[in-house]
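Reviewing the structure listed below.
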Amino acid sequence: MGPARRRDALRLRGGGSPPLLRLFPGRLSAFPLFLLALLLGFASLLWLQLSCSGEEPSGGGQQRGAPRQPCPPPAPPQPPEEDPAWGPHRLALLVPFRERFEELLEFVPYMHRFLSKKRIRHRIFILNQVDHFRFNRASLINVGFLESGNDTDYIAMHDVDLLPLNEHLDYSFPEAGPFHVASPELHPLYHYKTYVGGILLLTKQHYELCNGMSNRFWGWGREDDEFYRRIKGAGLQVRRPSGITTGYETFQHLHDPAWRKRDQKRIAAQKQEQFKVDREGGLNNVRYRIESRTELSVAGAPCTVLNVLLDCDTDETPWCTFG
């Protein structure tokens, strides 16, 4: 075989090998591959740091005027148990949830930083309804209360699409009675005087005194209006923020009604039942099963995700399904 044919044969035999592998002579061992993976990982981290810090790598790798992703702020340190500055109480932040992941990714790290800055000991519980019934915010809050453990002594019933912007809002232990953070004077949407939705703080003792929330409200709305009447029936007085001057700019509302429609249908007798006080149900008869319990970290912020399977008595509340 002449020199020209030998060169052509070598090209054919080596043409199928990736160029990166031909950098290593002879048979590959594990060490060169490990070294290569390590170098690639280091290069990726370096690029991420440069791109989010606003610096451009040499050679104009980023187009002029292209937006750079900001570096996420580091998660605040967890309070040492013996630090008295954080106080003796611990908040269970109860977040009813279903299929609103974009809001959740913003909510968890934001609230963790917000509460830590205020030195509020807290645990965030994402109450993810995974059954096939209509959404039931009140039942999920009842489940969150029962599953929040003995290391928390008060709760916040907190919508996932509502972020507090004013650092003077009070999330501390509501010893004197239920404290409505998202008051009608501050909430961007709801302004009637008996409104107690959005964000409401209660001690666990006071929530038990109300027997929790009614489990009869499937679909969107009315459960917090019924809970206001429970609060009054238990002899409790709702308190609200004072000295907040930011008005309707106090909160950021993440909900986009143009593409996320709320389930406001009223089925069967639901239209009449929604205005009644449920004097029998609540914490004592919520029916559910925890499918899974997962500890997660979202951008460094810890939370507990409970996948909740609610149960429904279709004889009692046939409007829990669309059928």
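Note that Cβ sites are derived from N, Cα and C of the backbone, with glycine treated the same way.
Some features that TrEMBL has for this protein:
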TRANSMEM  28-48  transmembrane segment
REGION    57-85  region 'Disordered'
COMPBIAS  69-79  compositional bias 'Pro residues'
DOMAIN    88-171  domain 'Galactosyltransferase N-terminal'
DOMAIN    178-253  domain 'Galactosyltransferase C-terminal'
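For the domain 'Galactosyltransferase C-terminal' (178-253), the DSSP counts in helix, strand and coil order read 20 helix, 11 strand, 45 coil. Counted with DSSP, the domain 'Galactosyltransferase N-terminal' (88-171) comes out as 28 helix, 23 strand, 33 coil. Mean pLDDT, taken over the domain 'Galactosyltransferase C-terminal' (178-253), works out to 93 on the 0 to 100 scale.
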